[in-house]
Amino acid sequence: MLHSFAALAVTPQLDTGTTAWLLISAALVLLMAPGLAFFYGGMVRSTSVLNMMMMVFGALAVVTVVWVLVGYSIAFGDDLGLGLVGDPTQYLGFAGMLADDPAAAYPVTIFAIFQGLFAVITVALIAGAIADRTKFGTWLLFAGLWTVLVYAPVAHWIFDFSAGDHVGGWMANSLMAKDFAGGTAVEINSGAAGLAVALVLGKRIGFGRDPMRPHNLTLTMIGAGLLWFGWFGFNAGSALAANNLAAIVFVNTLLAGCTGLLAWLLVEKLRDGHATSFGAASGVVAGLVAITPACGFVTPIGAMLVGITAGAICSLAIGLKYKLGYDDSLDVVGVHLVGGLVGTIIIGLLASKAVTDVDGLFYGGGVDQLGRQLVAAGATFAFSFIATALLAIALEKTIGFRVHEDDEASGVDLVLHAETAYDLHASTGGARPHVGHGSGTLLP
Amino acid sequence: MKLVTAVIKPHKWEDVRAALETIGITGMTVSEVSGYGRQKGHTEVYRGAEYDITLVPKIRVEVLLDEGDAESVIETIVNAAQTGKIGDGKVWVSPVESVVRVRTGDRDQAAI
């Protein structure tokens, strides 16, 4: 009797704690999308805040649908041969994944949609590079195509581990680069893509000359807060269990956000004389970006160093667009590409066997892991930049990607969505009909 | 009749209003305006990018007066609005040919 109980205990079976944590984690990652909409929405001018939010919400809708149809299969289906892409037909529409598997710790559908929400946030991040000047319809088409052509293959490379009969991607299994929650697939990928589309679309009218101040930094602060909250699902959920590692990752995620904030503010204080709210919001995100790949490999002290490094380097990197002359409007390159590179590479320095199975250079592990991290970062950047540029050029040459300059000057909210975000004049914004500037008549 | 126009710092508006009330001024027109003087505007920094903000927010107060009241009103406004720092504003007086109260049709002195 005792023997059979022991046998039961070692048989894998549904773990309700882990399943519950993954359901919550997926919901937390979903919350990052509206969080990003607020974060970005506050940064743009008041004439394009709704469009910015719509690009994020639109990406959420399109990418989720595409992911369930074919994206998941490309990312996590059996490898087609070289570790580059999974079988796109294997899990079409989540086929064959719905039956209850009593031997699995959690249902595969929750893993699949958790990963799908990673794709959502990655695509949505790119929108920040092309604020104020993008055709909404083309953006939705881009979001769907980019998920299939760029995100899903890179996710296959780094997130799809070989197990049993299943063969996964080259970075995770042959190269053995480490990426806990998306330094390559999410951060470097979105940053490189943002740079590519920003270059294809060109600068906003008046970039570098007209003030393009953020119109509402309180929205940006709210967005940063929601992103931080959601990031716990993103990172600690990537432990794929409610266990000790998830707890360490949770602590690391918190610490890197804190030190990222402090480091960014310190750079600002020294450079500009003021510690700003915009700097605080940006510093949190920079720290979180960088800890994303590293959170499951570094100690809490390591996480603090990751946050400090990213906060300082990203706050300096965002000035690059003025020096080099590309209009990455909301600093997707400066924060996500640079932060993702910092986090991915720093694993090679700060990884510790006190947390998982690998030591970085500073913990006596030599330069092997550092080399692997550099290859993964470089390959992701090169593939994402080139593939995204080709896709964006194809869309620009066919259906057009950038709005007409008159529409850009009028503000894309009004032109693309027939809405304006704010009516702050009580005398012209009331419910009753009125005349004069800003007047409107309710159409039947 | 005269029109006294004052452009002042926004945070001084309440002091100016109270001071004008003590000398018996019962009505005025107030608007939020922006502009700049010799000091120009100020600089704001967003993620390290500096923006020169040329236009500074101000309050414009306009008071219609009998000719003889103009000097005391100017003095009252200047005393109430003065901080001694740059950007305190300006007060000026213009001649007014005619004034009509819309409700009654009263004209000129009777309409003030």
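Each residue, glycine too, has its Cβ placed from N, Cα and C.
The feature transmembrane segment is assigned by TrEMBL to A:20-40, A:52-75, A:104-127, A:139-159, A:179-202, A:214-234, A:246-267, A:274-291, A:297-320, A:332-354, A:374-395. As annotated by TrEMBL, domain 'Ammonium transporter AmtB-like' applies to A:20-422.
The largest share of C-beta pairs under 8 angstroms with the transmembrane segment (A:297-320) comes from A:246-267, of the ranges A:139-159, A:179-202, A:214-234, A:246-267, A:274-291. Listed stretches A:104-127, A:139-159, A:246-267, A:374-395 were compared with the transmembrane segment (A:52-75); the greatest number of C-beta pairs under 8 angstroms is found for A:139-159.
The average pLDDT the prediction assigns to the domain 'Ammonium transporter AmtB-like' (A:20-422) is 96.
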